[in-house]
Amino acid sequence: MDINIDKYKNITRNLERDIVNLNPIQRGGILPTEAKKVIYEYWDGYSVCDYCSGRLDKIETPPINEFLDDMSKFLGMDITRPTHGARESKYAVMNAICKKGDYVVLDGNSHYTSYVALERANLNYVKTDVEEYPNFRVIPKSYAEKIDELEDSGKNIGLILLTHVDGSYGNVSDVSKVGKIAKSKGYPLLLNCAYSVGRMPVDGKKLNVDFIAASGHKSMAASGPCGLLSINAEYEDEILKTSKVNVVKELQMLGCTSRGIPILSLMASFPHIIERVKNWNLELEKTRKVVFEFEKLGFIALGEKPRNHDIIRFETPVLDKIAEKDKRRGFFFYEELKKRGIGGIRRGVTKEFKMSVYGLTGMQVDYIIDCIKSIVLENAN
């Protein structure tokens with residue numbers, strides 16, 4: 001075989017050790033020390049299955065069964081299953097409760113995986129309206145309008161889907177309003193919580209939802225791929241239907257889902273998650289401070305104000321103007337950040353960028369503010 005295997009030896013990553021990472025897709029997935037320790041015990045393939053009697057969610061050692069029960073309590077739901085991610089959770093719901101050709105009514109800020117999931121399940125969709133620039137907030141009443149339009153045209157609706165917090169602008173949707181609309185119309189509501197569960201408090205019962213799709217690696221301090229599907233008991237028979245061939249295995253889970261390091265890291269991080277969501281107001285204070293300071297530089301924060309989530313998206317005409325004159329062009333900002341030990345911002349981007357300071361200390365946040373201020377002021381003239 002003509003294969004150079006040297007590139008697979010000694011693979012390393014120093015981003016988290018050497019650089020303050022501002023990437024919003026990664027800030028919520030950083031493991032605490034206690035979760036890192038468990039990796040050494042469960043890094044072998046099927047190590048989680050030492051005492052398995054046939055189904056992942058029933059394993060007692062390690063206590064996966066108890067963890068899933070506790071997670072249901074944490075989320076204000078009835079039943080929870082591990083998945084490989086929020087996208088798999090969404091697909092499981094769609095594939096179980098919808099019929100081929102049904103319509104999913106979903107918000108205009110939905111993640112691409114929501115579309116991929118419904119397409120894979122052979123479903124159609126109608127997208128609801130969002131506010132115009134610069135807020136881009138989901139408009140709850142648009143759900144009622146789209147539902148009415150579909151019903152009037154004789155289309156079958158299988159599911160209502162709402163993105164709790166979108167990854168583009170970090171807007172927090174008004175779940176209660178959409179939940180009331182879904183209930184009044186008689187349709188189940190799936191809440192995509194990939195950017196919320198694990199970062200901020202989420203209670204499914206209070207929010208009036210039927211399903212929660214969560215991401216372990218995106219927002220719950222877990223290794224990937226890992227997610228959760230939490231459901232209300234009334235949908236247990238549909239979602240958790242078992243195989244005719246192997247009556248123990250649940251169809252939508254394809255028998256067993258996330259096992260090994262992903263599920264164990266999620267379990268080990270659970271105490272950390274419970275505590276950190278209690279400090280959500282402190283996270284918002286840091287986020288709003290960043291927005292306040294950077295808008296003084298000429299940055300334009302997109303999305304709702306005041307910010308209600310740690311994801312921040314800035315339009316940065318001042319950086320784009322600097323890039324026009326700098327010989328490094330669009331790469332100048334990335335390189336200047338790197339010099340100062342800051343990463344997570346896409347290379348070559350100066351028109352706009354996204355960032356998050358979730359989980360960083362106050363001193364780290366101040367350092368980031370001071371660094372970006374200095375980059376702008378030193379290069380603006």
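Here the Cβ of each residue, glycine as well, is placed from N, Cα and C on the backbone.
According to Swiss-Prot, the protein carries these features:
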{"type": "BINDING", "residues": "Ala86, Arg87, Asn192, Ser215, Gly216, His217", "note": "pyridoxal 5'-phosphate binding site"}
{"type": "MOD_RES", "residues": "Lys218", "note": "N6-(pyridoxal phosphate)lysine"}
Report summary line: Apart from the site residues Ala86, Arg87, Asn192, Ser215, Gly216, His217, the 8 Å Cβ neighbourhood of the pyridoxal 5'-phosphate centroid comprises Thr83, Gly85, Ser89, Ala194, Ala213, Ala214, Lys218, Ser219, Cys226, Gly227, Leu228
Query raised in the report: If we check Cα distances from Lys218 (N6-(pyridoxal phosphate)lysine), which of the binding-site residues Ala86, Arg87, Asn192 wins as closest?
Result: Ala86
Requested in this report: State the count of C-beta atoms found within 10 angstroms of the C-beta of His217 (pyridoxal 5'-phosphate binding site), not counting that atom itself.
Outcome: 26
Query raised in the report: Around Asn192 (pyridoxal 5'-phosphate binding site), how many other CB atoms lie within 10 A of its CB?
Result: 32
Report summary line: Most isolated by CB count within 10 A, of the recorded positions Arg87, Lys218, is Arg87
Report summary line: Long-range Cβ list for Ala86 (pyridoxal 5'-phosphate binding site), cut-off under 8 Å, min separation 6+ in sequence, same chain only, gives Thr113, Asn192, Cys193, Ala194, Ala213, Ala214, Ser215, Lys218, Gly227
Report summary line: Cβ contacts within 10 Å for Ser215 (pyridoxal 5'-phosphate binding site), all chains included, total 31
